[in-house]
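> So TrEMBL says this about it:
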type	residues	note
DOMAIN	110-524	domain 'Major facilitator superfamily (MFS) profile'
TRANSMEM	110-133	transmembrane segment
TRANSMEM	145-168	transmembrane segment
TRANSMEM	175-193	transmembrane segment
TRANSMEM	199-217	transmembrane segment
TRANSMEM	237-258	transmembrane segment
TRANSMEM	264-285	transmembrane segment
TRANSMEM	339-363	transmembrane segment
TRANSMEM	375-395	transmembrane segment
TRANSMEM	416-441	transmembrane segment
TRANSMEM	476-495	transmembrane segment
TRANSMEM	502-520	transmembrane segment
Amino acid sequence: MSYQLSLDKSLFRSPPSSFRNPNNSYKTRYIPTKTHQFSFQLYSKKQRFLNSWSNFSTGIAEEDGIKQRFLSSQIKVSPNDALSVPNDDDGREFETPTFIEFITSERVKVVAMVGLALALCNADRVVMSVAIVPLSLSHGWSRSFAGIVQSSFLWGYLISPIVGGALVDYYGGKVVMAWGVAIWSLATFFTPWAAETSLWALLAMRVLLGAAEGVALPSMNNMISRWFPKTERSRAVGIAMGGFQLGNVIGLMLSPILMSQGGVFGPFVIFGLSGLLWVLVWVSATSSTPSRHRQISKYELDYITNMRQSPAVPGLEKKPKMTNVIPPFGRLLSKLPSWALISANAMHSWGYFVILSWMPIYFSTIHHVDLRQAAWFSAVPWTMMAVLGYFAGVWSDMLISSGTPVTTTRKIMQSIGFIGPGVALLGLTAAKTPFIASFWLTVAVGLKSFSHSGFLVNLQEIAPQYAGTLHGMSNTAGTLAAIIGTIGAGFFVELVGSFRGFLLFTSLLYFASALFWNTFATGERVNFDEVDQ
């Protein structure tokens, strides 16, 4: 066994045609050099023995590739060793990982931790929507003031994604995500104290919660762009955003149970402590980049490094890390692909918050459904969104791996994510029974998840060095759209007298946004160092 690990890397260089397997099915090949004839002879004898023992009929080179891959997967790389590994593949071509290899890899463990953070993010956000009823009764709040308490979260969330995005691009996603989760968990934990102290203290905690949660999605994008090659990024976003959507289910389903056992403030304490525990695991078990991870195998590190997307703009492959924490906002806004992202995020948030905020009232007023006894109604659409989000990610990655252009793939995914909900909302307006209406609502929410493999992944592709900043800018636009849509729905219903009319208006906005996206979006890297004249 000892001589296997001492073989020079030249043993694994691509062989001439005389050494190649006729079916060309192997991925890792070798050719001996004159300085390693003895090692090569020993190695060849061992391979022939293994070949006859396992009845492996596809040739020495294929067996060697499989064994080299196995040995590499067992070798752990220290951070210092990883940083010294040259950024070349030594002639190797990497096979697509199997499903088992993918889900057990270190990069999936990292994105699973990100998904758990996003689940806590959404659970901490929606718990107030459950607690607001008993809080209003105990403090004598009017409906309008209860709405102010609910919306105070968005005050902090309005600007923080831009600041958080710039910090993510400068310091990295691991550090910023850790601080963000720690701060919003403390804000959640101290909300009961603030509510009993004064209204201003309660509003301050909600604003702090929103400000801290604004860094979550930019941090997610930064970590995924560093840990995943382009052929796996849609899947990774699907996993992370699946956690985000399940946070709705966790918050809506567990909060009443926790309140019945620990009082109205029980969910705040439990979710706050869970977030602080997450921070301890995150800091100790993850790293900002694969090369600094202590448990990653050599094979996985090489796979991530060599499967990275090559820059589409000449001269950008050696671009240094940002040295100025203030990003070039003007240059980012000078390109139409940026505006395609901003408009897509705005429309996605408009539909998301309108459905989240107004659908319970729609069902209770239009279809006279008692939602207090229909917990499944709140859970099923968001569960469907989490499941379809991962499916969309896998399909998107398969399209790219099969040769479909990235631009085409992103347009397909985003078209489904906009046109699908637009059609479903039309069906919702025509529904005559609560069952049919809930079906169309689940379809609308589920198909919205295809946007995660559209504009949400596209941020990493057109501006990898400014992905956090661009995400923050588009997220702020989305927050504004959410505020306008949520408030506008109430005024629209009062003026027109029909909730179905607002759903029809939202459907038309979906169609218009799909047209704008398909006209100006791109999957190629954009050179933001040049300003359009």
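Placed from the backbone N, Cα and C atoms, the Cβ positions cover glycine too.
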> Cβ pairs under 8 Å with the transmembrane segment (264-285): which stretch of 145-168, 237-258, 502-520 has the most?
237-258
> Would the transmembrane segment (110-133) count as touching the transmembrane segment (502-520), i.e. at least 3 C-beta pairs under 8 angstroms with sequence separation of 6+?
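Checked: the transmembrane segment (502-520) vs the transmembrane segment (110-133), no contact.
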> Mark yes when the transmembrane segment (110-133) and the transmembrane segment (237-258) have three or more Cβ pairs under 8 Å (sequence separation 6 or more) and no when they do not.
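By the criterion, they touch.
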> Cβ pairs under 8 Å with the transmembrane segment (145-168): which stretch of 110-133, 175-193, 199-217, 339-363, 476-495 has the most?
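Result: 199-217.
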> Can you work out the mean pLDDT of the predicted model over the domain 'Major facilitator superfamily (MFS) profile' (110-524)?
85
